[in-house]
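Chemist: Submitted below is the structure of interest, expressed as C-alpha cells.
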Amino acid sequence: KNGKSHFASIEQLTNTIGLVCSAIATTTAATTEGTTVIYQTQVSITADNIMPSFNFDEKFNGDARKDPIAVFEINTAKYGILAPEIDFWYQLLVIMSLACVACAIIGAIAYKIIIPARQTNFTLSLLVVFGVLFPIVVSVPYILIHSFQLQNLQITFAAGVPCFVTLLRLVETLYGFSPKGVEETMSNFMLYYGSPIECVFDAKAPRKATGLDKLLGAKNFLLSYMQLSIVLSIMGLYFEKTAPYPDPEKIYEGGFLQSCLSRERLITNFLFAYYFQCSLNACTDGLASCVEIVTGCKTIDVMKNPLLEATSPSDFWGRRWNLLVHGVLKRGCFKPVYSHVKQFKSVGKLIAGMATFLASGLLHEWVLHIIYSTNQQGLVPGYGNNTAFFLWNGGLVCLESLFGSLAIFSILSKSLPRPLISLLVVMTALPVAHWFALDYAKINFVNHAQVGFPLIVRL
C-alpha cells in the first residue's frame, strides 16, 4: 500500500534473512571407501531475486536466471539453487484465466444456440459450430499472444490449452454427448466450458469439493511441483553439454531402426516422456487446486502415473494419460464418428478409434503452431510428426483390440511382474517418442518452462 516504503521494508527483511543464512553456512564431511567428500553450503536470499513485480514487463524468453539463492559443493564441483520466478506464475495464471473466460462465453453462446437447434436444425448448428465458433476459439490464443506480446513458450502453450479442450467440447455439444448434468443450467454449462480442469457433475449440478478435497489438492500440487523441479534439474545436468536431439536432417543417421533403438535415444526419449508426465501432473494438479478453491467444485483426476503403471496401450491412453483430453476426445470425436459407422460393428470402433488419435495429432499440431508463432529465429516445426506419433499409438491400441484376447497375453499379464509389464508397454512407443518431443526440444521449450521452478544447476 505504501509503494516504495513498503518495498524497502521487505528488502531490508530479506537482506537480513540472507545475511543470517549466509552466516550459518555449514560444512559437513562424509567418508566413503576412504574418499573424503566435502559438502559446503552457502545461502544468499535478497529482495532482488525473490520479489515479484506482478506485470508483463519481463518476457521470460528462456531461463536467464543467474544468481542462485544457495550454493553448495560436492567433490569440488560447485552447484547452485535458482529461485523460481513468481512473475512467471502471475503471467501464466492471467493468460489462462482470460482464455477460460473466453471459453466460458463461447459456452454461453453454444448453450443458447446449439443445444436448442441441434434437434430441429442440425445443419444450422453444424454451420454455427464449424463456421463461427471454431474460428473464434482458434483465434483466442493468438489474440492473447499478440496483445500481451508473449514470448515464453510455456505461457503461450497455456493460452491454447483451454481452447484445445473447447473445440472438442463444441463437437460433443453438437452431437449431444456432453457429460450428465452439464446441460441442466446455463451456469453449469459455462462452468464446464470455462474450467481448465473438468469438474465432476452429478445429475443436476457440479459436485461440491470438501475441505479435505481442497487440502489434498493443494498437497498433490506441492508434491508434483517439487517432483517436476527435481526432474528439470536432472534433465538440465544430463543435457548440460549435449543437445537432446541432433538436427532433424541427421536424426536417422545410421538407419531408422538403429537410430530409434540406440541407448542414447531411448534414454533421451524416456527423460522427455517423464518430463511431460511430471509437467502435466504439476500443471493439472495446480489448476485443479485453483478450480476447487475458487469454484468450490470437485475436479476429475487427470494423470494416473501411466509411464510406470500402465498394463497395456489402451490402459495407458484410456485410463491413465491426460484423462481430461481423453474424455473430451472420446465425447467429441470417438462417439460422433462411431455414430456414423456403428453399422460396421467392431470395425466401426477401430475406425472411430483411429479417427480419435488422428484428431489428437492434428490438435497437437495446432498447439505447436501456437508455440512456434512467438519464436524470432524463424524456426518451423516438423508438421506431421505429432500426427504420426499419435497414429502409431492408435495403431497399437487397435492391435490390442484385435489380438489382446489371445491366451499368450493373458498368461504374460499374470506371470510377469507389474513393473516389467509397464516397461514393455512403454517400449512399444518409446523408440518413436522423438516424433512428439523433437519439435519441443528444437525450440527449447523446457528451458522456457523451467523458469517457474527451483532448479539445481552446475556453476
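For all residues, glycine too, the Cβ spot is worked out from N, Cα and C.
TrEMBL entries are annotated by machine, without manual review.
Grabbed the feature section from TrEMBL, which reads as follows:
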- 88-111: transmembrane segment (TRANSMEM)
- 123-145: transmembrane segment (TRANSMEM)
- 151-171: transmembrane segment (TRANSMEM)
- 305-391: domain 'Wax synthase' (DOMAIN)
- 350-372: transmembrane segment (TRANSMEM)
- 392-412: transmembrane segment (TRANSMEM)
- 419-438: transmembrane segment (TRANSMEM)
Chemist: Please indicate, using numbers and ranges, the residues of the same chain that are 6 or more beyond the transmembrane segment (419-438) and have a C-beta under 8 Å from a C-beta there.
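Modeler: Counting only partners 6 or more residues beyond its ends, the transmembrane segment (419-438) has Cβ contacts under 8 Å with 244-245, 248, 251, 260-261, 265-266, 268-270, 272-273, 276, 307-313, 315-316, 364, 382, 385-386, 388-389, 392-393, 396, 412-413.
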Chemist: Helix, strand, coil: count each for the residues of the domain 'Wax synthase' (305-391), based on DSSP.
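Modeler: Counting residues per DSSP class in the domain 'Wax synthase' (305-391), I get 67 helix, 0 strand, 20 coil.
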Chemist: Other than its close neighbours in sequence, what residues sit by the transmembrane segment (350-372), given a CB gap under 8 Å and a spacing of at least six beyond its ends?
Modeler: 138, 141-142, 145, 153, 156-157, 159-160, 164, 167-168, 325, 329-330, 333-335, 337-338, 341, 344, 379-381, 383-384, 386-391, 393-395, 397-398, 401-402, 436, 439-440, 443, 445
Chemist: Please work out which recorded stretch in 88-111, 151-171, 392-412 has the most C-beta pairs separated by under 8 angstroms from the transmembrane segment (123-145)?
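Modeler: The stretch I would name here is 151-171.
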Chemist: Could you tell me what the rest of the chain brings near the transmembrane segment (88-111), counting residues at least six beyond its ends with Cβ under 8 Å?
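Modeler: Those are 52, 54, 56, 60, 129, 133, 136-137, 140-141, 144, 148, 150, 152, 154-155, 158-163, 165-166, 169-170, 173, 183, 186, 189-196, 287, 290, 451-452, in sequence order.
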Chemist: Would you mind listing the long-range same-chain contacts of the transmembrane segment (151-171), meaning Cβ under 8 Å and 6+ residues beyond its ends?
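Modeler: For the transmembrane segment (151-171), the nonlocal Cβ contacts are 59-61, 88, 91-92, 95-96, 99-100, 102-103, 106-107, 110, 114, 129, 133-134, 137-138, 140-141, 144-145, 178, 192-194, 196, 324-325, 328-329, 331-333, 336, 359, 363, 366-367, 370-371, 373-374, 443-445, 448-449, 451-452.
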